[in-house]
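K.L.:
The structure follows.
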Amino acid sequence: MTMVVGLTGGIGSGKTTVANLFADYGIDVIDADIIAREVVAPGSEGLNAIELKLGHDILLTDGQLNRSKLRELIFSQPELKSWLDSLLHPLIRQQMQQQIEQAQSAYCLLVIPLMVENNLQAMTDRLLVVDVEQQVQIARTLQRDQVSEQQVKNILAAQASRETRNAAADDIITNNGDSDELPQKVAALHQQYTELSQGYHRESR
Ligand code: ATP
């Protein structure tokens, strides 16, 4: 099995930007956000279970999950969140594991925004954290998303602190500056990971 480099960071820290630079080297990128959507796609085991629990009204007319309705329900019924997590987390984990096993590049990148919060580091062999100063993080998120500063701050408060995340890291990529600085940083890490992956063998994790 391929060596797994985990990639994480707070909201708007630059995970996608960094992951795209690794992908340019032909590195297989496994994205937890994409998988989280796939496990509730129409026809999936996940969506069928949600429909069984919450009724047909949880679907949009095109058969997709009505996410805003689900968010509202979770807000008013917190126990629903635990039910949903216990349904979806194993499905997401299973899918991530399967994609890791199918990876063809020298090592693969496993991007999980809430890696540290959900204690998923055990799925990785090495953890890379994208770190950014909070002011920069808030400014970039406000520029990208249609959200208020208060909403970004609420999300930040629900995520691990920079200190906690950085303490779990093997490597840290600092992304406060210009995006021109990133390719060089990624190039150095790619070389390091390629070397580490040589002769790497791990049957299961
Ligand atoms: P999320 O988890 O919230 O989806 P993310 O960690 O994947 O975010 P990105 O989407 O890569 O973060 O970056 C957030 C925003 O900041 C994007 O609009 C991106 O283009 C911009 N950005 C990232 N890095 C830099 C940089 N070094 N300089 C300027 N803008 C940047």
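Cβ atoms are placed via backbone N, Cα and C, with glycine included.
The shown structure was predicted, so the numbers you read here are calculated from the model rather than taken from an experiment.
Okay, so TrEMBL annotates it like this:
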{"type": "BINDING", "residues": "G12, S13, G14, K15, T16, T17", "note": "ATP binding site"}
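On this model, are these features tucked inside or out on the surface, and what's nearby?
P.N.:
The secondary structure of T16 (ATP binding site), as reduced to three states from DSSP, is helical.
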K.L.:
Quick check: with G12, S13, G14, K15, T16, T17 left out, which same-chain residues have Cβ atoms within 8 Å of the centroid of the ATP site Cβ atoms?
P.N.:
G9, V18, V130, V132, N175
K.L.:
Could you list the residues of the same chain, at least six apart in sequence, whose Cβ is under 8 A from the Cβ of S13 (ATP binding site)?
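P.N.:
Non-local contacts for S13 (ATP binding site): V130, D131, V132, Q137, N175.
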K.L.:
Looking at Cβ-Cβ distances, which residues of the chain lie under 8 angstroms from G12 (ATP binding site) while being 6 or more apart from it?
P.N.:
V132, Q137, I138, R140, T141, R144, D145, V152
